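K.L.:
This is the structure I have questions about; it appears just below.
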Amino acid sequence: MLDELEAGLIALDAGHLRRRRRVVSSPQAARLEVDGKHLLNFCGNDYLGLANDVRLRVAVQAGVEAYGVGSGASHLVCGHQLPHEQLEQQFAAWLGLPAALGFATGYMANLGVITALMGRGDAVFADKLNHASLNDACVLSRADFRRFAHNDLAALEHLLAASTARRKLIAVDAVYSMDGDMAPLPALLALAERYDAWLYVDDAHGFGVLGGGRGSLAHWGLRSPRLIYLATLGKAAGVAGALVAAETAVIEWLINKAHTAIYTTAAPAAIAQAACASLSVMAAEGWRRERLQAHIAQLREGLRASRYALLPSESAIQPIVVSNSEQALRLSQQLWERGIWVAAIRPPTVATARLRVTLSATHETTDVAALLAALLELVGN
Ligand SMILES: *Cc1c(COP(=O)(O)O)cnc(C)c1O
């Protein structure tokens, strides 16, 4: 087996697909210390700049003082502490949804929810560009797993019309993590209603950013008992964890059946305490979203007349599509040498290699200008 793995790693190298980790020795911010260098950071998901916010730090410290470090057990045994409960209630109240359930990560939430709701004889209809955690969840659920071309409503309707499954669920990312574009949620909900399906919305990249911070359902003005909504707390919220909101019966079912909430130790209460603080900051500080929007506009305007191919994204995720993995790696390396960190995203994460530029409220206008100048210098115009 070792020989096989060694050969596999050599093949990854040859295809420019080998991944390596960099060690960051500073908090998340517009500038990171990496391998002794200070780099401008355009690859994180800390869209609002809360990952190192002083109020969240204080909340964690107070949480540790009050509840210690470890939660001691799973939620159903004795690990469900007051901050976990408060977080679920604060979140459901802010979004105006009936009930919510916390998970330790978004990945675990997707696995837990889909497998608890769907099984053999059911069918999941999933966008081709959905996050890997949703795809894994669908496979694990043993439901019939049908994927439709990205944002192709006609293809989805075709699949729904042909389905004889007992229970149907449409699963999408609200904002696509590697493309930055949005799912047409109103049209998807209309299809869910027409074909008696559930609509599962993974809002990892919309929560905190869209809809005054309340995310994609608020952005589109959607309410329906068919909706199951996932917000993750590791991106714009700057913490860790995830919350699922839906009708009370759905949440009660998940409390009883979602393995990734049941058979795992609850996240530290201090983390939930920080998440509560983050929700309050996100609700109160609209200027963070305004700053982010200004940076998005600045980047798009700055590359509009260039040879770079931006995707049609209005979100904090602004990918630049390149010809192949080698070019993506080379551009990323050249930016790195200029003190700028942009991740090269390659297959199998995406079908077409790209630089995934992400923007944050922590950036300054001059930071975005520095990125633009470096990109334009590299393309030669
Ligand atoms: C990041 C992400 C997840 C996973 O969330 P974690 O909390 O990081 O585990 C799920 N879905 C999408 C679309 C994501 O981008």
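Glycine is treated like the rest: Cβ placed from N, Cα and C.
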K.L.:
Quick one: which of H150, H205, H259 does TrEMBL put in the pyridoxal 5'-phosphate site with G106, Y107, S177, T232?
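P.N.:
Site partner of G106, Y107, S177, T232 for pyridoxal 5'-phosphate, according to TrEMBL: H205.
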K.L.:
If you measure C-alpha to C-alpha, which of R19, S177, H205 (binding-site residues) come within 10 angstroms of K235 (N6-(pyridoxal phosphate)lysine)?
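P.N.:
Those near K235 (N6-(pyridoxal phosphate)lysine) - Cα within 10 Å - are H205, in sequence order.
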K.L.:
What three-state secondary structure does DSSP assign to T232 (pyridoxal 5'-phosphate binding site)?
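P.N.:
In three-state terms, T232 (pyridoxal 5'-phosphate binding site) counts as strand.
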K.L.:
From the Cα of T349 (substrate binding site) across to the Cα of H205 (pyridoxal 5'-phosphate binding site), what is the distance in angstrom?
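P.N.:
So the alpha carbons of H205 (pyridoxal 5'-phosphate binding site) and T349 (substrate binding site) sit roughly 17 Å from each other.
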K.L.:
Can you work out the mean pLDDT of the predicted model over the domain 'Aminotransferase class I/classII large' (38-375)?
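P.N.:
Within the domain 'Aminotransferase class I/classII large' (38-375), the model's average pLDDT equals 97.
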K.L.:
When the Cα of H131 (substrate binding site) is compared with the Cα of each of the binding-site residues G106, Y107, S177, T232, which one is closest?
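P.N.:
In terms of Cα distance, H131 (substrate binding site) lies closest to S177.
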